[in-house]
Amino acid sequence: MASVALPKRRALPLFGSDGVSSVSYAPDEIVMTLAVAGSASLVTSPWVGFAIALVLLIVVGTYRYNLKTIATGGDYELVQQRLGKVAGVATGASLMVDFMLTVAVSASAASGYVLSVVPGLRGHERALTIAMIAVMMLLCLRGLRFLGRIAFVPLYAFLLIISITLVYGYFQDLNGTLEKAATSSWEVVPADGVSSAMNGIALFVLMMRTFSSGAVALTGVSTVSNSVRFFKKPKASNAAATMMMMGGISALLLIGVLYMVRATGAVAVLDTSQLRIHGMSVGDGLYQVPVLIQMAEAVYASAVMPVILVAVTVAMLLVAIITAFTGFPQLTNAIAEKGYLPVHLRTKTSPHLHANSVLILGVSSMVLVALLGADLNTLIQLYIVGVFLSMTLTQAAIIKYRWRDFKFTVDRYKRRPLIRQLAITLVGFVATFIVFWVVLLTKLTHGAWITLIVIAVLSKGMLAVRKHYNDINRELELPANAPELAQQRALPSRVHAVVYVPRVRKPLMRAISYARATRPSTIEAVLINQDPKRAKEAQKQWRSLEIPVPLVVLDAPFRDAVQPFIEYVQRRREETPRDVIVVYLPEYVVPHWWERLLHRRIVHRLKAKLRYEQGIVIASVPWQLEGTRAPGQHTVEAHVETSTYTAEH
């Protein structure tokens, strides 16, 4: 998809699904958090939704001015360039965690909707969620192009059905014909230690907790800002328009759904012990239907439309998962290009490396669900803090960028638009900064600390990876001064060939032929005496074949062929430190993986040991057995595995 430029109508479903899909679970989070104070507090849910929608529009409105700055490489590259490597890796780590949690949250929400219409699967939420992630991962590994062509269907279908539901329900409410949700008769008592008559600080804390839970609706902003490169030209303008559409749609739907939830009396709680049904408490086994479906069931007399709403909602959530699988390789590639992640994640180097990032994202998301379960509320506690950390750092980077432009611009007419842009960005920074701290303070003990630790560990690991690559480059780069460069280019005084003798057979004869063809200064074959009878037989064969290479026989006191051979090569190296020793290792290649398990693989152990010896070149001479040769192949060239020769003067 990276090579396809998308118009706005196609980009919105693909990159906006992350934000719009939050409407399917953000209302539940708001209602469940308010329910801590009992039934009376639920009437404030639309006002909380309005506050969240207002912040969403502020963030989107300010972010759209930043897209021209972000367009080159996304949030990570911008922060890394403007705020330095530490802030950059923190942003990169936050975004990677966000992608992982996007997959886990979207899949968990989708499984919750499936269970609302398939009761037989209840109790298997964890397995269903993991299965969804696995299927989406496999589809993305296949790279099916048709997914990009049909991704717009679920979102537009969801928007159509939810809009019809909200409008129809609103008119029913005006006419007084709106039915109540099945849960409207349930009484919600305040949680232990919480008073229903909250005021002052307690009420403020509850509102802040509710706001931070519903702030998950803002998570789609960074998805669009990190995907500017995929839009048609003018990229920044099209991305800005798409972001505004996503923000406006999400804000309207969130307010509308929460209004209808209050009108229908739909109920959801974090702790089912708060519920009283006909005056009786309920156990932990009660399944709670998402409030979106409760609302739809109250609006429609028929059960068909709620089922259709479930289908399109699940499909939209699956598209959000695909979006994460699409964006994660782009992020890891950008970080790996800077040297902060292994080169195996540089997708530009090879299309096959794209699969590495997809596998990492899929497996990590499945492990997360396996450990924490498919509990949407728990996952969202981890989700929000990382999102707002990366958004706040991005806004800070843009403020620094705009302030630099403003500071070095002397023309007052040119400074006016810069002042406006700086002010707009500052408003966005203040908004995201405040939300970040609200989320951090209210969610820290509810799981946000886990996200912070993961981000810190990832950041530390990324810095360690960069240090490793820097150390390697510093050691391997050619010296600038002539004497040191001449030392690196110096030829060895002599070349000694040492041929390892496993058994006197075809692979050995080929290795000896290759060794002799290089015309070394000296050549010798080394046989390890593990079995006296077999060693004598090998020496007899050697003489009868009249092989023109001296044979050295080494005893193996502990019947280990590796250590005596290594020690012999080391002694030869110590005797002539300015020379190079080429070790020829004959081996045969079996056609099947399971056949490799039937052999001792001594040659591979020798390679592993010899790699760490200075002045040693390892020449592997493979003999392909029947079944491993390509059609028409009769000869195989020897190849050098590694060289660690260092000239010494």
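The backbone N, Cα and C atoms fix where each Cβ goes, glycine too.
TrEMBL: automatically predicted annotations, no manual curation.
Taken from TrEMBL as is:
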type: TRANSMEM; residues: 47-65; note: transmembrane segment
type: TRANSMEM; residues: 86-115; note: transmembrane segment
type: TRANSMEM; residues: 127-144; note: transmembrane segment
type: TRANSMEM; residues: 151-171; note: transmembrane segment
type: TRANSMEM; residues: 201-224; note: transmembrane segment
type: TRANSMEM; residues: 236-261; note: transmembrane segment
type: TRANSMEM; residues: 299-328; note: transmembrane segment
type: TRANSMEM; residues: 353-374; note: transmembrane segment
type: TRANSMEM; residues: 380-401; note: transmembrane segment
type: TRANSMEM; residues: 422-440; note: transmembrane segment
type: TRANSMEM; residues: 446-465; note: transmembrane segment
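Counting same-chain residues at least six beyond the ends of the transmembrane segment (299-328), those with a Cβ under 8 angstroms from any Cβ of the stretch are 1, 13-15, 17-18, 20-21, 24, 96, 99, 102-103, 106-107, 109-110, 113-114, 116-117, 132-133, 136-137, 139-140, 147, 151, 153-155, 157-158, 161-162, 165, 168-169, 172, 178-179, 223, 226-227, 260, 264, 292-293, 357-358, 360-362. A contact between the transmembrane segment (127-144) and the transmembrane segment (422-440) is absent, since fewer than 3 of their C-beta pairs, 6 or more residues apart, lie under 8 Å. Taking every recorded stretch in 151-171, 236-261, 380-401, 446-465 and counting its Cβ pairs under 8 Å to the transmembrane segment (47-65), the highest total belongs to 236-261. Outside the transmembrane segment (151-171), and at least 6 residues removed from its termini, the chain residues within Cβ reach (under 8 Å) are 9-10, 12-14, 16-17, 20, 23, 178, 249, 253, 256-257, 259-260, 263-264, 292, 295-296, 298-300, 305, 308-309, 312-313, 315-316, 318-319, 322. The transmembrane segment (446-465) shares more Cβ pairs under 8 Å with 86-115 than with any other stretch in the list 86-115, 201-224, 353-374, 380-401, 422-440.
Sequence-distant contacts of the transmembrane segment (422-440) (same chain, six or more residues past either end, CB-CB distance under 8 Å): 55, 58-59, 61-63, 65-66, 208, 211-212, 215, 218, 384-385, 388-389, 391-392, 395-396, 398-399, 402-403, 406, 448.
If you look at the transmembrane segment (201-224), the same-chain residues 6 or more away from its ends with a CB under 8 A from one of its CBs are 15-23, 25-27, 29-30, 32-34, 36-37, 41, 44, 48-49, 51-53, 55-56, 59-60, 63, 75, 95, 98, 102, 105, 194-195, 239, 242-243, 246-247, 250-251, 254, 323, 327, 380, 383-384, 387-388, 390-391, 394, 435, 438-439, 441-443. For the transmembrane segment (380-401), same-chain residues at least 6 beyond its ends with a Cβ under 8 Å from one of its own Cβ atoms are 25, 29, 59, 62, 66, 69-70, 75, 78-79, 81-83, 87, 90-91, 94-95, 97-98, 101-102, 105, 212-213, 215-216, 218-219, 221-222, 225, 422, 425-426, 428-429, 432-433, 435-436, 439-440, 443, 446-448, 450-452, 455.
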